[in-house]
Amino acid sequence: MNILEADCKSKIVHGMVMFVFIYSTCLVLVQRVEAADPDPLVDFSANATTPVFRNIFVNGDVSVGSGGVRAALDIGKFPGLTSEGLTVVQFKMVPCGENVPHTHPRATEVLSVISGGPLQAGFVDTKGEAHIHILYPGDLIVFPRGLLHFELNVGTETAFYISALNSQNPGTLDSAGAVLQLPERAAAIALNIDIAAVRALKSQRPYNEPPTLEAAKPGVCVPGQMITTTV
């Protein structure tokens, strides 16, 4: 093999390596784009008659639980959100009410406390580390996409707060309820309890759908006491 032939083969191999690298990079980028909501194709949805939605706690997707009121907006209730990649939820949570631990498999959430509370809120990351904080009016917290998170009103006043999620269909998975939907043996192993205890929990804890705010059992939480990130 002469020097010219060797140089030609080297260039061919180099070109193939670059092609594979560029193809792999493009594939990753395409997959990342496809995982997010698509970009809007119009300025404002043709199905929407107004960009304003009135009185979400009356006209929104409202669920009332022992822990307070949750009112959500999606494209079904508010066509103005169509293709904007947004879901909005407002909460009025009573003292010792909780938005029980859950995940949003398709969205990141930003929560802002408007009044009342304070809230104990946080999430657990994929390393098992808990990020728990006390939130007062004017504070915000981000819950990264897909991570387990919760909010609990540890104050003496009803907490009013707002969440925005970057998908028009974020999904909500009730974490405790989901575990109890597993076969009893699998749930017992996961929770390190016996099957009888799993059956007892199932009878007391149905899957939280539609999502509602729940109040703490007597003795579990006292309004205004133990405002800390560790309890």
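Yeah, the Cβs are placed from backbone N, Cα and C, and that goes for glycine too.
These numbers come from a predicted model, not from an experiment.
Pulled from TrEMBL:
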- 54-199: domain 'Cupin type-1' (DOMAIN)
- Asn99, His104, Glu109: oxalate binding site (BINDING)
- His102, His104, Glu109, His149: Mn(2+) binding site (BINDING)
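Look at the domain 'Cupin type-1' (54-199): DSSP puts its residues at 25 helix, 71 strand, 50 coil.
Of all the binding-site residues listed here (His102, His104, His149), it is His102 whose C-beta has the fewest other C-beta atoms within 10 angstroms. A separation of roughly 12 Å, to the nearest angstrom, links the Cα atoms of Glu109 (oxalate binding site) and His102 (Mn(2+) binding site).
Each residue contributes its Cα atom, and for Asn99 (oxalate binding site) and His149 (Mn(2+) binding site) those atoms are 9 Å apart. For the recorded Mn(2+) site, residues His102, His104, Glu109, His149 set the reference point as the centre of their Cβ atoms, and the other residues of that chain within 8 Å of it by Cβ are Thr103, Ala107, Phe123, Phe143, Leu147, Leu148, Leu165, Pro170, Thr172. Asn99 (oxalate binding site) counts 28 other C-beta atoms within 10 Å of its own C-beta, drawing on all protein chains shown.
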